[in-house]
Amino acid sequence: MASTLDLDKGCTVEELLRGCIEAFDDSGKVRDPQLVRMFLMMHPWYIPSSQLASKLLHFYQQSRKDNSNSLQVKTCHLVRYWVSAFPAEFDLNPELAEQIKELKALLDQEGNRRHSSLIDIESVPTYKWKRQVTQRNPVEQKKRKMSLLFDHLEPMELAEHLTYLEYRSFCKILFQDYHSFVTHGCTVDNPVLERFISLFNSVSQWVQLMILSKPTATQRALVITHFVHVAEKLLQLQNFNTLMAVVGGLSHSSISRLKETHSHVSPDTIKLWEGLTELVTATGNYSNYRRRLAACVGFRFPILGVHLKDLVALQLALPDWLDPGRTRLNGAKMRQLFSILEELAMVTSLRPPVQANPDLLSLLTVSLDQYQTEDELYQLSLQREPRSKSSPTSPTSCTPPPRPPVLEEWTSVAKPKLDQALVAEHIEKMVESVFRNFDVDGDGHISQEEFQIIRGNFPYLSAFGDLDQNQDGCISREEMISYFLRSSSVLGGRMGFVHNLQESNSLRPVACRHCKALILGIYKQGLKCRACGVNCHKQCKDRLSVECRRRAQSVSLEGSAPSPSPTHTHHRAFSFSLPRPGRRSSRPPEIREEEVQTVEDGVFDIHL
């Protein structure tokens, strides 16, 4: 039966199920494993798993009436294959697991021990960790002591730990998450996929933040060089997803406009940067990336955004069913969907060739939560290098890779709300790591000198006095934990940027930064931050997501007044751009900073 199925012409679910049963022989050997795996993986696209289990039970009962012992045993072999190949589906779906238990109980009641022994539902391990947005898995401690300072980390060390973080997050994504995203076109009620996209965007933003935290062009150029080599190591690890995140951060408008900084980057680094950028550019539907991925052997981490885009394109181009009655499924579409999802599923079957340091993982996790808005990053970029019509005198003729074509926006989601208890536990472990590695004299406190070292990893950490609550000249574990709990994005702040709100009067209507509605009246109906000037309703105070930034003027060399950043009119939390491919000898086009970008270039776009 399996050999007679013509998927291109379409078939019913029953025909496909019968074909999968017939794909087994009486001993359990599969003659067409690809068909069986494809149907068992893809069936939730068309019918619920509980309905498939009911159909299997019906097939078994019908074969018993027909005295077809061969069909009975083949049905049991298919159930066994289903449980062993997709165990998470049974652990996370109690209704489905109960149906299989009922089938096994029926076999036992009939005294058919041989068939019953083929179905083992009790030994399915737990997969509840896959549904937890925040989860610390045990990791192996490296033998040698590793520095937690960003400036001291080797590119391979940083690449390995970024790979581990993203791989751990990726392993929690299930088929149902992909199906939900493609069906809804967004990540509504999809916290696991939201979290992965959030982590991807955090890496890109962290790259920008680390570059912009340096006060001089030479220092910023060194950080750029460091991240280019991190991207090179990510390619060696065949981690294309994080590679794209790092390259996206390096190519973002807040970084690409830093002409003086780029003039200090060496020609060899620029050449390497261009090559890495060309690898992940969207040109030719990511043809360079696809060729490189196809040639990979062993562990590989594909760019999730590219493959999600492929899934969405298929969903829009081809129908799931070939008839109005929804009885004949589109086998050609199912085969194409399966090829994409199987590539993604293969990632979890191969562990990355890295060993992770728990202290560094904790530090990186918290560092990546230092969220900034588009406006804030661009304003900081303007402070580092104010606008100027004339180009700086360059020690070299090197230029950064040119800006890219606009990439389509295709996802916009809210940052998942993490479990507060889990975040508190994670912060405590991170603080313990900080004290273990930065408390040089071992007195159980962080001095001002030690605090300055820590700020290398947290560029926009609040002042020493803000953490030193009792003003005794040093920071205790409890004070640091208290600070991070207050400023954690989960608890309302943003890593030290908590608003100093007070009641305010306004003679004219002003807009609430949270709900965008006007604050009307001259009485104290609103709140205003004394530091950054943000306004909000009293009832919006606890939901205000924008971080506090002290107001700073950005004045061009010509003395013109500051102007809004290019992203001001398009409120999006993060999207990144990729440089446009071109000849290396050509100069990049001038970026007109005064123009407003109506759509920021990006693959992932997520409101954090």
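Indices start at 1 and increase along the chain as displayed.
Each residue, glycine too, has its Cβ placed from N, Cα and C.
Record features, source Swiss-Prot:
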- ASP439, ASP441, ASP443, HIS445, GLU450: Ca(2+) 1 binding site (BINDING)
- ASP468, ASN470, ASP472, CYS474, GLU479: Ca(2+) 2 binding site (BINDING)
- 4-126: domain 'N-terminal Ras-GEF' (DOMAIN)
- 154-387: domain 'Ras-GEF' (DOMAIN)
- 426-461: domain 'EF-hand 1' (DOMAIN)
- 463-490: domain 'EF-hand 2' (DOMAIN)
- SER116: phosphoserine (MOD_RES)
- SER117: phosphoserine (MOD_RES)
- SER147: phosphoserine (MOD_RES)
- SER554: phosphoserine (MOD_RES)
- SER575: phosphoserine (MOD_RES)
- 382-405: region 'Disordered' (REGION)
- 555-596: region 'Disordered' (REGION)
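Taking the Cα atom of each, GLU450 (Ca(2+) 1 binding site) and SER116 (phosphoserine) are about 65 angstrom apart. The stretch with the most CB contacts under 8 Å to the domain 'Ras-GEF' (154-387), chosen from 4-126, 426-461, 463-490, is 4-126. Less than 8 angstroms from the CB of HIS445 (Ca(2+) 1 binding site) sit ASP439, CYS474, ILE475, SER476, each of them six or more residues away in the same chain. Taken as a whole, the domain 'Ras-GEF' (154-387) shows an average pLDDT of 92 in this prediction.
In sequence order, PHE435, VAL440, GLY442, GLY444, ILE446, SER447, CYS474 are the same-chain residues whose CB sits within 8 A of the CB centroid of ASP439, ASP441, ASP443, HIS445, GLU450, the residues recorded for Ca(2+) 1 being left out. Its own atom aside, the Cβ of ASP441 (Ca(2+) 1 binding site) has 9 Cβ atoms within 10 angstroms in the protein chains shown. The DSSP breakdown of the domain 'EF-hand 1' (426-461) into helical (H, G, I), extended (E, B) and coil residues amounts to 20 helix, 1 strand, 15 coil.
In this structure, the C-alpha atom of ASP472 (Ca(2+) 2 binding site) lies 17 angstrom from that of ASP441 (Ca(2+) 1 binding site). Under the DSSP three-state reduction, SER116 (phosphoserine) is assigned to helix. In sequence order, HIS445, LEU467, GLN469, GLN471, GLY473, ILE475, SER476 are the residues of the same chain, not among ASP468, ASN470, ASP472, CYS474, GLU479, whose CB sits within 8 A of the CB centroid for the Ca(2+) 2 site. Separation of the C-alpha atoms of ASP441 (Ca(2+) 1 binding site) and GLU479 (Ca(2+) 2 binding site): 18 Å, rounded to the nearest whole number. Ranking the recorded positions SER116, SER117, ASP443 by Cα distance from ASP468 (Ca(2+) 2 binding site) puts ASP443 first. Rounded to a whole value, the Cα-Cα separation of SER117 (phosphoserine) and ASN470 (Ca(2+) 2 binding site) is 67 Å.
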